[in-house]
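K.L.:
Sharing a structure below in structure tokens format, with a few things to ask.
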């Protein structure tokens, strides 16, 4: 695993030692190379894990997320170039360093074997993200957003630390690899219910669960493009990953503790999709759509069947790429119209036809068009929730319909119609932007050829 | 027999060639549409061979090519089902598409994006072929959603127009509601039969509850625009006319009926679903026929007539005759596509005028279009020995002699009669009488692309029914003997409709409509359905999302309860506590007192 972590750390000296005109190209190429190395992890010969050392391991669940993390760094660097072009050199370097630091923490989080080191790294990712949001956001509301982001996550995750210490006392080990063999049922008591809550809430806030999602739209809207991308693509998935990992040791409490959270997620997914229908702010729409998709993941994890786990993993990867792409597209609009308001960008298809094609593809994957991996994820979740309870198909169906509606509403509002006069003189789309979209889209399309590598444990 | 599957696959895969070419970007833009048209004609000719083989030997085949993935006990692979339905439908669809492509060369020739238009049409055709030949539900779903999205793109072709965008979104919305049913059926089959392969589902013949079949019926309702989810079909006429001819008359909209036909082994023993299907079809066929009566937009009339015919197909499934319904799908494709093309010819010649009140007298100016339009209308009404007769007459006869729901049968009969009425209305207003269009319009129908494409379908509209119905083996045996009045009912109601419509039109031709009656309003305003359903539920839903979801829950409750109230509370307490007065002496004194007290207490305790 060090062959990925050390090169990632070495990105920082590379950034600081690069010449002025080379910082983007150097870091992008180098991080792309790192992501190519990490691709080999996708080859998981068996359902057992690949143990690299006592500290790090990877298995079919973490490998796709890890690859997604490394894949996203070059994309973030490509996306940020324009909005940093006016900044002084040292701040650009600082920005890249922050992204690299975040990347390092994320890689280590996904590969940690110890729950405590997982926890520490999970918290450590907050720091660079917070700096990115509050330093490079566009408006003054960014400070407030950063506050929300930090406090929601911290409040959720502090009980987890207590819970972890208590589990350490109980079992003597917090090693993921050992815990899966410790299949002793927790006794049915109040304290264990609180243990369950403490373990799950940290990740539910991170996902976010409906009701605790308020930080997400704020942070997404205020963050610079790279911050939005990494949050939508990976930070939310930390929650899902943590839940998938920790539920194995929380039986049998999950079977009855899950109900209120299942209901809340099912309800919240409809609510947040409905909010999307009324959004005028492009980034806020995409952020709420993330909440709605993540609610599906929460449902899937709490149902706890092999199919739902596969669905959750696939949906996380698919949504990671799709929402990140949507944020990039929103950013490319923002850089031209200087506004996040959708109606101001209408009719762009006439001026930027190739960008319209990317918009179309991104919207179609967002609404889970078969045979994209988004559909595979959603379909598996719907299947498992249907077999859990037939009635959920009503809510799931409503959500599918509303998702299609707001995705296409977004497409139509930004791309179709007559273009307005103030966008007469916008810049054409750059090769950099088209390459960025292509790098998002290609994995989505290629993965639908062989979705098995992102299904996690296929049992 | 050896070449059967390979030829079929060849004709399917040749369709993907132009798409591949467009990626390589080796083609010249100007010739690309012609190239696509030729490819489709090749595919049609190639597909005729396996179809002939199939007619000759009647051997069904399943091809499994590519193993996609296996999850637990479910194996998914790329698999084609070459049975009766797909083998007959593929050449028909290819033939119709071929003609429509040629027609589009004429209709869209001035469009700057004609290449893209042809790519869209071709992609649509490919997804339709996937839908028809799919052997498992997942593959079927790929085609199912694919045609939906392509219909979205094609309806919204003129994306600058608000109406086109609204219609496109509307189509997707109604289709998605239907998709819920499809997904539910998929989920049910997965959890109860553990397979998505069609032949395995039929073989297992699961102990069905109504749930999956209801889901399939909902899916068919959405895709085939049955009552309740019907308004998108007439709205879809905002798209270019070739799109209406291809998607919204002959191929995409019959996908729902096709799905029910595919699943008839499960439906044929379920009486509840049968009667539900029958009633749904009957309501649709009558309601849309009534709506068609008073429309003035020529494309809208034909669209409603399509909807009405789709209702008739669903009725046929309801009386347990899926093969007849399938026959009607095939015959209907020919004349309905041609009717749309004729109307496209008229619309184009009259400078985009779609109102039949502003036409008239076209039989002099456009003799060829007139001929085709009249033959198409006659075929639609079931004039003996034209294409429509072979399926429609059989359907009405079978319905008459069956002993199912008499109400539904009566509705169907009335709708059949109304078919003749609105067909007469088109012919009377658009073609006969004096011209009512502007005298300066240059009418010209002498373009080989137009003439050839319509001619081809014209021949199809006359003979296809005869050929298809002669060459297929009877599977569900239709009623052979019946009283003579039963035999003649279909013909009688049609003639009645013709005469009534002609007489009424002649009588009222020069009269002015002073006050529109309620019946007229009902029909003209589409039964008030869009007025109610497109206003109230969206308003309720959108205001719910704004007021309750966004404002009340998100902005007020969730934001105030957690973050804001906490920070408020902190602020209040810190202000309260830290009201410093600067009395340092007092503070130190109190500190001293506390210190001494505690020390004293501890000492005493010891």
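Using N, Cα and C of the backbone, Cβ positions are placed for all residues, glycine too.
Grabbed the feature section from TrEMBL, which reads as follows:
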- B:68-118: domain 'NADH-Ubiquinone oxidoreductase (complex I) chain 5 N-terminal' (DOMAIN)
- B:134-418: domain 'NADH:quinone oxidoreductase/Mrp antiporter transmembrane' (DOMAIN)
- B:422-602: domain 'NADH dehydrogenase subunit 5 C-terminal' (DOMAIN)
- B:6-27: transmembrane segment (TRANSMEM)
- B:39-58: transmembrane segment (TRANSMEM)
- B:84-105: transmembrane segment (TRANSMEM)
- B:117-134: transmembrane segment (TRANSMEM)
- B:140-160: transmembrane segment (TRANSMEM)
- B:172-191: transmembrane segment (TRANSMEM)
- B:275-294: transmembrane segment (TRANSMEM)
- B:301-319: transmembrane segment (TRANSMEM)
- B:362-386: transmembrane segment (TRANSMEM)
- B:453-472: transmembrane segment (TRANSMEM)
- B:484-507: transmembrane segment (TRANSMEM)
- B:586-604: transmembrane segment (TRANSMEM)
K.L.:
Return the average pLDDT for the domain 'NADH dehydrogenase subunit 5 C-terminal' (B:422-602) as a whole number.
P.N.:
86
K.L.:
For the transmembrane segment (B:362-386) and the transmembrane segment (B:484-507), does the number of C-beta pairs under 8 Å, pairs 6 or more apart in sequence, reach 3 or more?
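P.N.:
When sequence-distant Cβ pairs are counted, the transmembrane segment (B:484-507) touches the transmembrane segment (B:362-386), since at least 3 lie under 8 Å.
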K.L.:
Checking distant contacts: for the transmembrane segment (B:39-58), what same-chain residues at least six beyond its ends satisfy Cβ-Cβ under 8 A?
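P.N.:
Answer is 1, 3-5, 7-8, 10-12, 14-15, 17-18, 82, 84, 87-88, 90-91, 94-95, 97-98, 101, 122, 125, 471-473.
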K.L.:
When secondary structure is assigned with DSSP, how many helix, strand and coil residues does the domain 'NADH-Ubiquinone oxidoreductase (complex I) chain 5 N-terminal' (B:68-118) contain?
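P.N.:
Result for the domain 'NADH-Ubiquinone oxidoreductase (complex I) chain 5 N-terminal' (B:68-118), in helix, strand, coil order: 29 helix, 13 strand, 9 coil.
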K.L.:
Looking only at residues six or more beyond either end of the transmembrane segment (B:140-160), which have a C-beta under 8 A from one in the stretch?
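P.N.:
Same-chain contacts beyond the ends: 117, 120-121, 123-124, 126-132, 134, 167-169, 171-172, 175-176, 179, 182-183, 186, 219, 223, 236, 238-240, 243, 247-248, 251-252, 255, 259, 262.
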